[in-house]
Amino acid sequence: MAILLVLILTLFIGTSKGQLGIGFYSETCPNAESMVRSVVQNAIFSNTNLAAVLLRLHFHDCFVEGCDGSILIENGPNAERHAVGHQGVGGFEVIERAKAELESVCPGVVSCADIVALAARDAIALANGPVYMVPTGRRDGQISSLSLAAEMPEVSDTIQQLKAKFFQKGLTEKDLVLLSGMNIMLLSLSLSLIIQVK
């Protein structure tokens, strides 16, 4: 199950505009990944539910226009983040905190899209999930539109509607099952983490 989870995540992680590579920031901001990890770790130790929340944020960002950070753009009531399908998505404050810390050390270097991907990876690892490498180098999206998020899977969708939305993104029925079950798995891993912390 863990291997399938990582395969599905890398499918989304690879979706972006830009030259992706492991260690993309090794020269321009060498501590970028460890800084994101530290922010995520502190956030999850304060609220273990954030592991699932950050993974969900990453999924919602990637499903609309690729992993471009566009869900983070707040440009009024017509912003992508206000779409019906994005209701309940959170974790924005963790990404903003990581971005602020990175900007203080490496201004204008690390994209928000990469921060979202790294935060999801670190959240999964901190919830005792699989550890995997994340290629970085994504470019941030410049457009955030409510209408672009119209095809986001919704809880009220029938299985046929969900399949159609996943197929449009090049995903399979198996991907639908895995991604749907991922939240449940991460919530149980978060519960395990709560028990360990206490």
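Including glycine, each Cβ sits where the backbone N, Cα and C put it.
If you look up TrEMBL, you'll see His60 marked as active site, proton acceptor. Per TrEMBL, disulfide bond is recorded for Cys29-Cys106, Cys62-Cys67. According to TrEMBL, the feature domain 'Plant heme peroxidase family profile' maps to 19-185. Residues or ranges marked as signal peptide in TrEMBL: 1-18. According to TrEMBL, the feature site 'Transition state stabilizer' maps to Arg56. The transmembrane segment annotation in TrEMBL covers 176-195.
Of the listed disulfide-bonded residues, namely Cys62, Cys67, Cys106, the sparsest CB environment within 10 A is found at Cys106.
Mapped onto three states, the DSSP output places His60 (active site, proton acceptor) in helix. Distance between Cα atoms for Arg56 (site 'Transition state stabilizer') and Cys62 (disulfide bond): 10 Å, as a whole number. The average pLDDT computed for the domain 'Plant heme peroxidase family profile' (19-185) is 87. When secondary structure is read from DSSP and collapsed to three states, Cys106 (disulfide bond) falls in the coil class.
All protein chains shown were included, and the count of other CB atoms within 10 Å of the CB of Arg56 (site 'Transition state stabilizer') stands at 21.
In the three-state DSSP reading, Cys67 (disulfide bond) counts as coil.
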